[in-house]
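The annotation domain 'NADH:quinone oxidoreductase/Mrp antiporter transmembrane' is assigned in TrEMBL to B:127-415. Annotation comment: TrEMBL describes B:6-21, B:28-48, B:73-98, B:110-128, B:134-151, B:163-184, B:204-222, B:243-265, B:271-296, B:303-323, B:329-352, B:407-429 (among others) as transmembrane segment.
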Amino acid sequence: MTALTLLPFFPLFSFLVLIVLSKRLSWHIATAVALTGIGLSFIASIVVIQSLNVSASSGEGLTQSLWTWFMLGEHEVRFAFYVDQLTAVMIAVVSGVGFLIHGFAAAYMRDDENYSRFMAYMNLFICAMLLLVLAENLVLLYLGWEGVGLCSFLLIGFWYKDPDNAIAARKAFIVTRIGDTLLALGLFYLFMETNTLNIQEILAQQQTSPLSDEAAWWIALLLLGGAVGKSAQLPLHTWLPDAMAGPTPVSALIHAATMVTAGVYLIARMQGVYLLAPEILNLVAWVGCLTLLIAGIAALAQEDIKRVLAYSTMSQIGYMMLGLGAGANVAAVTHLMTHAFFKALLFLGAGAIILAVHHQQNIFKMGGLLKRMPLISILFLIGIAALIAFPGTSGFVSKEAIIAELWQSKTAGPVFWWLAVVGAFITSVYSFRLVFITFFGPYRAEHELLPQRHGLIVLPLVILALLALGGGYIPTHLEQVFSAPVASQHGPAWLHTVAIIAPLLGIGVAYLLYFPKTESSPAVPGTSSVYRFSHNGLGFDSTYNALVVKPFVWLANINRKDVIDLLVQLISWNTFTWHSAMKAAQSGRLRWYAATLGLGTALLLLGVIL
Amino acid sequence: MIFTNIIAVLMVSAFIALLVGKRFARTLPYIAAIGVLISFALLAHFASNHHDLFHQAMPLVSVPWISSLGIEYATFIDSLSFILVALTLILALVCILVSVSEISQYQNFYYFNLLAALAGIVGVFAAADLFLFFFFWEVMLLPMTALIAIWGHENRRYAAIKFFIFTQVSSLLMLVAIIVMAFIYQQQFGDISFNYFDWQQLNIAMPLQYWLMLGFFVAFAVKLPSFPFHTWLPDAHTQAPTAGSVLLAGVLLKTGAYGLMRFVLPLFEQAATHFAPVAIALGVISIVYGAVMAFAQTDFKRLVAYSSISHMGFITLALFSFSPIAYHGAIVTLVAHGLSSAALFAMAGMLYQRLHTRDLKKMGGLFASAPRMGGMLLAFVAGAFGMPGLLNFVGEFMTLTGTFTHHPIATAFAATAMIGSAIYGMYLFQQSFQGKPQENVKIPDLRAHEWLLCSLLFGLLLYLGLFPQALLMHFDSIYPSVADAQLIGGKL
């Protein structure tokens, strides 16, 4: 199938054109090249999904093999793609949402002197992300996995002259790399046990000769390690807020809609292995649950609009993880899709606001924007409504579906249900804190507002807003891929009502706490120590710094001269010292020789006598 | 005759370069390049006529040399030596390209040494007689020492002497082992022989076999280099001229790995099996220690030198795990590291020419003035930290996949180097090319011949990284006789 073969390579081609011709391209041509690449990918995705729906009523996927990559003993690792309904969702989201973000980015980055290079990196990222989700085997998935990591590094550090951006880029890369290494170990373990790294073969094997409990436990744990790194979950979540140093379209594309969901995709994809390790599924649920709470609390105390959204992303991915842990894979992946819509909308909306207020990101220096830029504000509010799962939005469909399955799940349960509902409450508090401070009250910025009306700014936002509203009803056929949910019947009747009311309650609380009561009262960030603590992400960064980073740097630096070399130098010092001692003895003076001869004889005699 | 011809061509061009003298100094790089290209053409011609012969060792020449001692001039070829000689010749071109603008003193003698060292290295890969092997082992050592001692940087004499003593002392151990082996052969078969194929029939009792194996192992572990014999490498690399570093990292280290593959594993099966836990520990320590040390360095070349130690640890780990997959991984790693470390040292040379420093603390923000150079540096750093799509990843992945089955814990420790290499790799790239530009430092971007060199190396890394079968298909059957069946059991 040509469309499937070419699907990930269109953006690669645009990347090559953009990076080679670079500054020789005008804005119009560079934009055309960049958008063509990803646009063709989107069209190809639609074609592939169409033919998948035609051919695959049986649940079989499409496979497209390109060439043999290398041999692992008897096993052939191929450069090959596999598409089923799960892949279909992913490629549609990556290329579709990616296309809209590229359009926005074209306007957002228009005046940057390295515009072509920026669009080149974005295209390369799309290529890597598509390879990740299309991969037929885990090695090719790992290629995409590392590829998106490298692109993320390049894009976070795009404005590399500021050392802070460079540090944030490095941090993102290295922290996720820790997860990547665990993932790699998981692959080694899988290969040892199953003698294959082809995903469908592995899953098929689990039907006939499943992994031993111990092997499944380890493999599921190691793959989870990879997932928490990429998806910014506890305990490897600390890179994501700093990653906001990148240009805003990057945050929308990589750190909200696509790359950070790779971990969710991985666990969903390997469901057959996870079902053999219920303890690890339970751990997945815990990871998701704790992350969504911790990130939600941290989001309550942020002043930077992008950091609020970053913590919110972590928290929403926590919901997806919680869903996976509870066995609600269809709901989790649906939430992945709707989250891509509304979070991309929120980030791009934030980008439009940031442009309008002269690259100010502090929400306490905004205010009153609803009256001054109503269109963007309303679009942003649609995103917020979806984020808090306001009834009728796409977020409502997917998030309620996750929460609904928690109570009865064997690997989750009522505790998780309660925590998830509390999380939903917190979500709506921090969301409306953001809304009330940014859009209401007096305008507090120092400069006049620069309203953004460029078509490429507004149009993607409008489309994303429509998706954020209705995207939950897009048919996905995910149930063909996943085993039926663990829970068959639902819990008590009041659960649903409580889950719907919790976010609404949150709006009320946020109104009481944060709504500017009078036109003149200034909104100020908190100053209490609790506020500072959650502002700093609940102290994870400083703990890791003290426990891991500093000891490592200290250890490396103290041994800079290489202790082993000191041993070698000891040998040479020894030789030189004896050499000079002996040389001193050979002075060539007869008297000295006679004296030492005499002294030696005397000592010898003394020795003999005694 | 193929290897003999190549050695002859290289030596002849070495002497022509010497005789040409200073008056026609400008022609020297061309003479050297022509010599290397002729060698390459010979090799390519041979390969095109012998597709099928790579699957087993093929004797080439056998002429009596010192017949009273059974010493012969004997060479042979198989896929391993073919690949390594091809790598040597490719990197020879890189050496010449980086020398053009760097070397201004005693140019004729410089090219003589460069070509003589290359001839010695080719000889090492070609020799089928262990005495001849030792002879070439020394032939490559002397010109290499001269390259460091004469054309090196500020502390060159210290580095050259250190390099010389380390290699010399360890190779003397090997010489003793070689002589003892020849006598054992005489005891068992009547005639004295240094021939590699003859020695494969030897049956040596255990404690003695162990000591002989150690004699070889130490010589090769110093060359590799493996912890704790590695400390000559950072000094030698830092002080050597660019071409010296390229040659050292690209191929000289590979002679150590080649020795392990060719001699230690097949000739001393039993001893190697007993020794494996120690060797694997040394490999893992090299991997981790090298990575941590690399991060601590502030000198561009020292950092890359320590990263080499880390990468070569993978070879020791792979070889002594007796896994066919890991063995293939080691071969891939040899080629991959040869190309990528050569590229990194070449980059170090280019930066030194522009900035007159190797100190990373004095660099920064160079991306603004030299984006192509920055892009290339990042590409090679990505290769070094095992970015899939480039060849290094395939080697690392195969090695660890293979070793995990037998040594999961050791593999887990070795895998931490994936984090370590990302840390020092990103540190290297960011410290030099990102961050605040040093006040008004503007450097020229890649010049034409530098661009050629970088794209050649990157092109090879990328092509082989996507199609490593082009390399690996020649190695289907050369997993050595090392007890695969009994050691590995049923698990392949």
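Even glycines carry a Cβ here, placed using N, Cα and C.
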Top stretch among B:6-21, B:204-222, B:271-296, B:303-323, B:407-429 for CB pairs under 8 A with the transmembrane segment (B:329-352)?
B:303-323
Range from B:6-21, B:28-48, B:73-98, B:134-151, B:271-296 with the greatest count of C-beta pairs under 8 A to the transmembrane segment (B:110-128):
B:134-151
The transmembrane segment (B:134-151) and the transmembrane segment (B:243-265) contact flag, 3+ Cβ pairs under 8 angstroms:
yes
Counting Cβ pairs under 8 Å that sit 6 or more residues apart, are there three or more between the transmembrane segment (B:243-265) and the transmembrane segment (B:303-323)?
yes
Pairs of Cβ atoms less than 8 Å apart decide it: which stretch in B:6-21, B:73-98, B:163-184, B:407-429 has the most with the transmembrane segment (B:271-296)?
B:407-429
Between the transmembrane segment (B:204-222) and the transmembrane segment (B:163-184), are there at least three Cβ pairs closer than 8 Å, leaving out pairs fewer than 6 positions apart?
yes
Who are the long-range neighbours of the transmembrane segment (B:407-429) in its own chain, taking Cβ under 8 Å and residues 6 or more past its ends?
280-281, 283-284, 287-288, 290-292, 294-295, 297, 300, 303-304, 306-307, 310, 313-314, 317, 321, 360, 374, 377-378, 381-382, 384-386, 396, 400
